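Annotated in TrEMBL:
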type	residues	note
TRANSMEM	80-100	transmembrane segment
DOMAIN	132-412	domain 'NADH:quinone oxidoreductase/Mrp antiporter transmembrane'
TRANSMEM	250-272	transmembrane segment
TRANSMEM	278-298	transmembrane segment
TRANSMEM	417-439	transmembrane segment
TRANSMEM	460-484	transmembrane segment
TRANSMEM	577-598	transmembrane segment
TRANSMEM	610-631	transmembrane segment
DOMAIN	619-683	domain 'MrpA C-terminal/MbhD'
TRANSMEM	638-655	transmembrane segment
DOMAIN	696-777	domain 'MrpA C-terminal/MbhE'
TRANSMEM	699-719	transmembrane segment
TRANSMEM	755-774	transmembrane segment
TRANSMEM	815-837	transmembrane segment
DOMAIN	816-939	domain 'Na+/H+ antiporter MnhB subunit-related protein'
TRANSMEM	920-942	transmembrane segment
Amino acid sequence: MKDGVPLLVILVCLSLATLAAPIVVGRFGARGFLALALAPAAALVWIITVWPVSGEPDRTESLQWIPALNMNVDLRLTPLAAVMSVLVLGIGAVILVYCAGYFTGVSNTRKLPTFAAELVAFMAVMFGLVVSDNMLVMYVFWELTSVLSFLLVGYYAERATSRRAATQALLVTTLGGLAMLVGIIELGEHYGTYLFSEVIARAVGDPSTISIGVEVGVVLILIGAISKSAIVPFHFWLPGAMAAPTPVSGYLHAAAMVKAGVFLVALLAPAFAHLTSWRVIVLGLGILTMILAGWRALREFDLKLILAFGTVSQLGMLMVLVGTGERNVALAGMTMLTAHALFKATLFMVVGIIDHATGTRDIRRLARLGDRQKVLAVIAALAAASMAGIPPLYGFVGKEAALETVLHASLPSPVPVLLLVGLCAGSALTVAYSIRFLWGAFGRKGQAKPTSAVENMHGISPLFLAGPALLAVLSLIDGIFSPWLDHVLAEYPDRSFPPAEDPYHLALWHGFTLPLLLTVLIIATGVVIVQPHSPFSRLRRRNSVLLGNADRLYDATLRGADVLSLRMTQSTQRGSLPLTQGTILLTLVLLPVLVLAFGTRARPELRVDASPLFLSISVLMCAAAFTAVVLRNRLATVLVVGVTGYGTGVIFAIYGAPDLALTQFLVETLTLVVFVLVLRKLPAEAPITGSRPTRVARALLGIAVAAMVVVVAIAARAARVAAPVADRLPEQAYKFGYGHNTVNVILVDIRAWDTFGEISVLLVAATGVASLVFRNRRFGSAPRVSPEAAAAAAAAPGTTWLRGSALRDPRHRSLVLEITSRMAFPTIMVVSVYFFFAGHNAPGGGFAGGLTAGLALVLRYLAGGRYEIGEALPLDAGRILGTGLLLAAGGTIVSLLAGAPAMSSVAFEFTLPVFGDVKVVTALIFDAGVYLIVVGLVLDVLRSLGARLDLEGSPADMTSPLPVQSGGGAR
């Protein structure tokens, strides 16, 4: 690692900018994007100041994360990563400035803060992707780009086209990502390391290590790369993603996301480009994509779709150049990589300006726009000329380098010639659709006056033009001064590939050479192709199947998957809860029987060591369980089942587990409340179902499960060969988790990842329960009593202990319960907070504290009715749940910032004037998240199964319309 700001700090700063984005944009509107642009701009300046220099080692950093899985945050700033970082951060900053103009005057700005956060988050994730040296960590960033792309493309969620495009992009790129994950694991396990740098070094140093398994792994990784970069046959998702706002298209689909696959191919090319499978996929599919997508671009009338298919075509070309595996061709690939980002981002922003000002992107509705907007036309002309490879633009330098280096590539004959022909054909199509774009957007088209869309267009602010103008000028400057960029772009090929016999150098003029002649022929051919009366024009107007059936194949695949899933569900799930439970329990019995019958067995050791109290509780629990089986009254059954739960808590307490006992008592009490809330809407008596043989079979299965649990417990005790780990847990819990409550330390430190998954399940459960009850919407806090309703209530003012009970029928009120709950509620909440803070060293914790607070809310609801929930806690349950999950995840960030592994505890000790020495453990943040999620769960259950069901089936005094102060949750 070199001196200076660490890469991880840059990544964290971009993440903090993500958190600030919704606040800034929510406060300042579209102008807030200008402030957000400072974050990637500052990161860009830092990248330039620490640019990898020839002869010096790469900047590397490593932060321990999950060592057991070989997942450490290993970062490396290679020359390739530095070039990609410039594109990600530089164009990202320009896009944010462009957003300030694009979203100015937009009527619906409700989703704008969220959009800003997602866009900045994408920049952070993309930066993390290109600087990751650990393959598994890179994969995490890779999948995050897919998720964020889904959110950004689906910005206009009210439109069916946006929802379809977002889902399609997510499914296609995720499918490729899953294949890539298998390939990564294959390479990592084969080479004994998950670092890109070490895998590549070993494969280059000893090619004999590349086995069949490694080649399969490489192919799987390439599937992920070509799916992300929209290479045939995964090309169809990119044109569909044009349903996204133009800033998204200008960034994700020109400079960032689609370049991830190209980046990965460039990264692995030094080690695996000589493989036949590599050449078939990268070179073959790359050329095919370039030609077919270029031809399809000529058939589109939407300016954005012209650029979309053009992007697919250019990505095919980039794959060929960076995947050939030679120094000179790789230099041409780096040149085209940067040139493409400049001109394509410019053109997408130009389309956004046209759409914003005229309300259309259809070239049939645009005429004489160039006469009205000359500056915009000049910007577009510069970018389109660079895309077409017209001198002196930067695109010409890259295109000429590609033609020259591919022609002399050391590939088996006739591959170089075929690649050259393919590049020439694709480049001619690029010239043609570049001309079509300019003519379609700005041409006069034989009309004497502008079309209505152009005639009625609004003005374009200088801020709106600043971004595309800057990139267009850079395309010109980089072309003229390309020799100055030669040593910058050549650093990656020079370090990665064997030296070339005749190293190629970037320049605007190489003399009268064959590539120059080919360039002239390419431009002339492109002009002919686009002529309205040429044979090519007539051919492209015909219905073509080129690239046309992939979208239909996607739809057919989804329909087939739906049909298959329905048939599988039909054959395995009969919709019967007893049958499903019976299958699970039968499996629970049979599998241990097979293991015990055919596996090695230790001699069982049965030892009875039980106190009279334990035996008494056990008998009581068995009697309660038997009673629950024979009772038909649902409420009575629930109560006797509760006896078994409370008995379990007593057994925990007897054997010295007070924390488990406390949690068991709280959970059992809350479970009883939920059962009672549901049973109100069910008949009191449960019907007798099934024939007598069926009931006998159920009884036998229950007995078998009980017997198997006993047998497995005895066998497990006999199979132990080492001392129980529990003997060392108290000491280790304090050493690693800084707490004396071993159970709590296990939950929030040692197995914090498991706990995080479990609280996520709680959140999903709360959402599911509410979704079943609130059929329309569930947003807002619980209903509250308005002053008008209180004035009209049956109770006289000043006679109620609970405000919500004022609206209840006096016959349903209990003054004793109201007084008791009002007086007990603060005490119970204090106990809840005590459990939360004391839980790390004494019985309690966030879970127990949250359950206690939930029971306090239950008490208020039972005493005061449905309006009392909003009076007790006037907050939205969804926000409480979300905040809890955010806090639990935030504990991870705090641990990482403190230099510790994620989800581990870090202690901070300091002295306060009144309190003295204080020790605060970061696990408290995680526990706070658990606390809020449990409280939110209880509040959501009370709102749905309590207040909402009260509203739907209550007597007249509850169903009459009453004005309430609410966020709408119960309406």
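Heads up, the Cβ atoms here are built off N, Cα and C, so glycines get one too.
Note on the domain 'MrpA C-terminal/MbhE' (696-777): DSSP counts are 67 helix, 0 strand, 15 coil.
Residue counts for the domain 'MrpA C-terminal/MbhD' (619-683) by DSSP state, with H, G and I taken as helix and E and B as strand, are 55 helix, 1 strand, 9 coil.
Among the listed stretches 132-412, 619-683, 696-777, the one sharing the most Cβ pairs under 8 Å with the domain 'Na+/H+ antiporter MnhB subunit-related protein' (816-939) is 696-777. Packing against the transmembrane segment (577-598) from elsewhere in the chain are residues 689-690, 698, 701-702, 704-705, 708, 711-712, 715: each is 6 or more residues past its ends and has a CB under 8 Å from a CB in it.
With a cut-off of 8 Å between Cβ atoms, the residues of this chain six or more beyond the transmembrane segment (638-655) that come close are 611, 613-614, 617-618, 620-621, 624-625, 627-628, 631, 661-662, 664-665, 667-668, 671-672, 675-676, 679.
Note on the domain 'Na+/H+ antiporter MnhB subunit-related protein' (816-939): mean pLDDT across this stretch is 87. The transmembrane segment (80-100) is in contact with the transmembrane segment (460-484), judged by 3+ CB-CB distances under 8 Å for residue pairs 6 or more apart in sequence. Proximity of distant same-chain residues to the transmembrane segment (610-631), defined by a Cβ-Cβ separation under 8 Å and at least 6 residues beyond the stretch ends, is recorded for 637, 640-641, 643-644, 647-648, 650-651, 654, 699, 702.
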